[in-house]
Structure formats: C-alpha cells, structure tokens
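Some notes on the structure that comes next.
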Amino acid sequence: MNEKKELQQELELQEFQTPKNQQLEKLQEPNGEISSTGNETSESGISSPPISQNDNSNNENESLNITPNKPFVSMQEELQNLDIENIPIPPTIQTPKIYKNTNNLIHSKNNLSLPISLSQENIVKLDKVDIESNDQVNSNTDNNNNTNNNNNTNNNKNEKIGLRSKIFKSKIFIKIRGWWWHRGISTYIMLFYIALNIGVGVHMFYNMYHSDIFKFLGLSFCFSRTAARLINLNSAVILLPVLRNFLSWLRGTIVNNYIPIDKHLNFHKLCAFMLFCCTIIHCVGHYISFKKINDDVLKIDDGKSVAGDYLNININNFPDEKYLFFKSVPGITGHIMLLILILIVSSSMWRIRRPMFEIFWYVHHLFIPFYILLCFHGYSKILKKDPQSWMWIIAPFILYSIERLIRIARSKKRVILEKAIMHPSKVLELRMKRDNDNFNFKPGQYLYLNCPSIAYHEWHPFTITSAPDDPFISVHINIVGNWTRKLFKLLNPDNKLGLIQEDLKSTQNRGKRRILKIDGPFGAPAENFFKYRNLVLIGAGIGVTPFSSILRHLKNQNDKQTNADENHLKINKIYFIWISRQKNSFQWFTDILAELENDERIDSILEIHIFLTGALELDDYAKIKNAQKCHITNLHSKTLFGRPNFRSIFNQLTQLHQREKIGVFYCGNKALGKNIIKNCNKFNGKNNCHLIFHKENF
C-alpha cells in the first residue's frame, strides 16, 4: 500500500509537470471520477485516434494497461493493475534543479532522470558524495567562475564590436563618410594646398618686407617677389597630376582607397589657376617697380643710379625708359611666359577643347618652353641673387620626362585595323588587332589614339569599349571635331554606313590597315566597379562607352562558368541606365545587350533601363503598342520616354538594398552629373544604404 501511495503521488507530480500540449484533456464526471475524451497523446507527442467503448480491437497503451472491452475506470482502480517495474518515463519530465549537479547519481533502469522525492537515505548519500568530493566541487566552482569571467569578457568585447558596427552602419556615419569621399577629402586636399600657398607667400612677404630693397621699391616689390615664389611652387606641383602612367599604377595600390585619384584633373586645374593668378600679380608688381627704377635713373646725371645701391643695374644699361619692360632678359622672358599662360588657359575652356581638341593638345605643349624660360628668367641677376626657379622644377620635370619616354617607347608600334563600322548618329567604331603581350587593360580604362596620316604628334583619348578577354581592341569615336572628321573621311571617303572593312582589306587600300598607333592603357574611375557587389551604371549618349567594356567583361566571365554553382562575377545586381536624345544611338551596343538578356544567369542580375529624351515619330507610337520587344532597341527591356527621375530611382535603390553598398558610376555631361550626385548625396545613408559616386572625366 505504501508503494502504491508513493506511486500515486509520483503520477500526480508527473501530470503536474507535463506541459499543456502533452496533457490529456480532463473532464469531471458526475460521480466525481476522471475520464479521458478526445485524442490521447502518446509518449512521442503524436496524438492517437479516440478509443470507442465498443471497439473490440486490442489497443495497448504504454502508460496505462487498459482493458479493451471495459469502460474507463478510475485511477485508483488502474493502480492495482500497474506494473511498477515497467513504468514508462515521459520524455518531457526534467530533473528538479536540486539535482542539477548529481544527475549521474540518480537514474532509473532506462538511464533517464526521475523526479523522485528526497528521502532520508537519498539525502545521506548526497551528503556523503558532497563531502567526499568537496575539493572537486570547489575546483569545479573555480573553473566555472573563470569560465564565467571569460564569457563576460567576451560578451563585453562582442558588445563593443556590436556597438562599433552599429555606429559604422548608422545613417549619420554613412552620410559623413559619403560626404567625405565625394567632397570632403578632395576639398580638404585643395584647402591644404591653398593654405600651403598662403603659408609660403606670407613667409616670403615677411622676408621681403624687412629687406633693404623694400626701402626703395616699396610694397610692389614685396608682392612681386611673393608671387614669384608661388610661381615656382605651383610650377613644380602642376606636373604631378598629369603623370598618367604613375596615376594608373597608383590606382592599383592602397592609396586609391584614401585619395580621390579620379579628381586629379581638378587638382591640376587648381594649380593652373594659382599659377596664372600669381603670374598676373608678379607682372603688375614688376611694372610698378620698373616705373620707379626708370624715374630714379632719369634723375641721375653722374651715371650712377640710387637704385644701384640695392639693385644690380647701371644707367648705361638704360638707353630708354622701356628697356626693363621689353629689352631686358626678365622683361622678354616674362612677357613670353605670360603669353604662353594666356594661350594655355584660353584653349583649355570647354567650348574650345571639346570641338577643337588638337588646338588644346598643341597649345598645352607650350609648357616646355615655359619651363625653359622660367629657368633663365632671373639670369641677369638684377636682384643680386642667383636664379632659383630651376631648383624647384628640376625634380618634377625629370619625372615628366621619364613619363614621356615611356609613352614614346610604347607608342612606336602600329596596330592593325581589322574592322571599321560606321554607326548611326555619327559614331565610328574601330576594331584593332590585339597583341596580348603588349597591351593588357582593365574594363573601363582608356587609350590614346594617333593617326600619323592626319597629324604625327597629335594624340586623342578614347575609352576602350572591348573586354580584356576579347581578341581585339575597340573604340567608339563620336565625329564632332576636326581630327575625328579627317579620320572618318580617311577611312570612309564615300560616307557609307555599316561595315567598311572590305575596303580596308582590298589590295588598293591595304596600307590603310596600319595607319593607327595607340598608347595606354590608362586608369579611369570606371575600373573601380569590381569593388562593389551592387552597381548602377549611368551613361548619357556616347558616355556609355566605359560600361560597354564592363558588360562585355561580365559576359565573358559568365561564359567561363562551366558549373552553375560557380560564380566568377561576384556581383549581386547591376542597374544599367542609358540616356540618349536620338533613337538611332541605341544601335551602338544593342548586340551585347541582347546577348546579356538572353543569358539567364546574367539576366537575373542585370536590369536594363533605356531612356529616350528626343521626340518620337508617328510610326513609333503605332509600333510601341502591344509590342513584345522594343522596336527601337529590339530588346525585351522597354524603352522609357523622357528623362529619368533620379530622385525616385535612388529612393527605390535604398529600399531594395538596405545595409548594402552601391557603386554609382556616371559618364556624361556636367549638368546631368550634378543632378545625379545631388540625389546620390541626398539618399546616401537612407536605410543604411551606402551610395558611392564615381564620375568619368568626360
């Protein structure tokens, strides 16, 4: 009886500890007995069908030995039929917390913990074990404390890392980082350079202000000498941003992650602006000083000028008052250098450089005689000092000379022109045979093209539109300038559209196949596309050329994948946006776009958005309706009419790519570029999306 009472208590405890989803639903019978209705839950938690009172089948329950042809009985009656030795143990029952460290001592036949009560015998056994293993328990406690301390330390480190990660991925930090990369770092570099000029100028002005010559010539002398020192400084620095081979090498180093090399031309323009302004100040200061010297010399009758006490001049050297202005070494060299700078600055303006690049090219090379004249400008030693300009410019001029020697050596070999294609909208495509050993380039880079038949020393930059894996080198030339028109007439005198390589391969014109020379390749902003898993490529008109090379490269890399599980692209998504006024312009690259659309693996990551901003014809409206493909581009991607709404585009991008980095690449006119970078900066950081803008120097 005692065993039955203990067992009854244990069963009641089991029912109390069993979760609700594993307990049988209990109903109170009228006579006060408990019965089971509905589905019974087995040990495994799987409900079994309800047992009918008239069921004649032999159903065995692992918990209770229920007689088949007998209605449910009370628990007291069932206890009499129980096999105490074979009581099953529900898997959900857990050992009470008091047995946490002694589970190995309390177990049943099936090695599962039982919720047994603490009898006096069990307490004695537990105390004995605790006494015998007191040292071991203390040791385990110390180990646990050390483990907890280590865990706490790791948790603190993880919390710090998590906090740091949250800060770096926060909207404010992304905004600051985006501003720093787009404008901040270049702004600070330019401000630092301006501050350097101010510092050098203030130091020079202070020294001249306290010199003896100041007593005679006054402030005009201080300003002219200060400007002369700044001319030397800017003449030394202005050559560094135009070392194309050096900058191309620098793009492949870690420096490219911290310095905006893409904006090297902006720094070059800043140096040119400082150089031109300092030259004007230098000339005005000397005009005033020369006037003072002439007035002083004309007052002297004994042949000795008062200025001779301060300057290295004599009245015999002054046959007339215009001598210092136009007949002395400083006067002659100074005016020639001033004229050279005026020509260089004026030819660099967009309205002249864009349609007449050859003028810009030739005039810019006048910097060579400018440097030579600068070295001899102070040769007469009027200020009783040796000339110092050569010490400033010797090092950068040597670097530039090495740069030019590399270009000359690399551009001697002529390339074979295999194919020339005249596209609509006055675009000429040239395909040249590639020498894999001497010309290796990256997608997005550019080259310089020379045609000796037109001008032997004239080189023009063009973006490479072929992929590095292609067996040819291709460029697309927009016929807008004098040189490009001459090249077009040379290759296509009959002004035909389409393929014209048959004429090149003919016996009569076979010599034309070797009429071109190339120099390069050179680095460009578009080659940084591999740094991002999400890309936005925006091209306006002929500005699509850098992205043609990128898309062809992705196509070639995808073709190399023999296994569907391989991923040579390492790109998650590409948004290609092409904007043009003329519908015929889209025929330039529709072949590669169609191949990309037909490739399932690339089509899944590539979205093509084409915008036509020009007017449509009446036939276009009829063809647009119910068309399976766009009749303008012959692509599955529909052509959109009008200008793209970049505010909406970037807003959607930040929603689709939350907590991701997107590289935005643009090549086109400045007005559209300002709109893009404005919206790029506006939505940068929204949803923790980092938008990084790269602009091609177009």
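In case you wondered, yes, glycine gets a Cβ from its N, Cα and C as well.
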Problem - Same-side flag (membrane), ARG225 vs GLN388, source Swiss-Prot - result: yes
Fill in the blank from the handout: HIS364 (heme binding site) has its Cβ surrounded, within 10 angstroms, by a count of other Cβ atoms equal to 15
Fill in the blank from the handout: Among HIS268, HIS282, HIS364, HIS377, which the record lists as binding heme, the farthest-apart pair of C-alpha atoms sits at a distance in angstrom of 24
Problem - Of 270-290, 356-376, 389-409, whichever stretch has the most CB pairs under 8 A to the transmembrane segment (230-250) - result: 389-409
Exercise for the section: Can you tell me which of 185-205, 270-290, 325-345, 389-409 gets the most C-beta pairs within less than 8 Å of the transmembrane segment (356-376)? Expected result: 325-345
Exercise for the section: Take the topological domain 'Cytoplasmic' (346-355) and count its residues per DSSP category (helix H/G/I, strand E/B, coil), listing them in that order. Expected result: 6 helix, 0 strand, 4 coil
Completion exercise
DSSP puts the residues of the topological domain 'Extracellular' (206-229) at 19 helix, 0 strand, 5 coil
Fill in the blank from the handout: Counting only residues at least 6 beyond its ends, the same-chain positions whose CB falls under 8 A of a CB in the transmembrane segment (270-290) are 190, 193-194, 197, 217, 220-228, 230-231, 234-235, 237-238, 241, 324-325, 330-331, 334, 337-338, 341, 344-345, 348
Practice task
Could you tell me how many residues in the domain 'FAD-binding FR-type' (404-528) are helical, how many are strand and how many are coil under DSSP?
Solution key: 31 helix, 43 strand, 51 coil
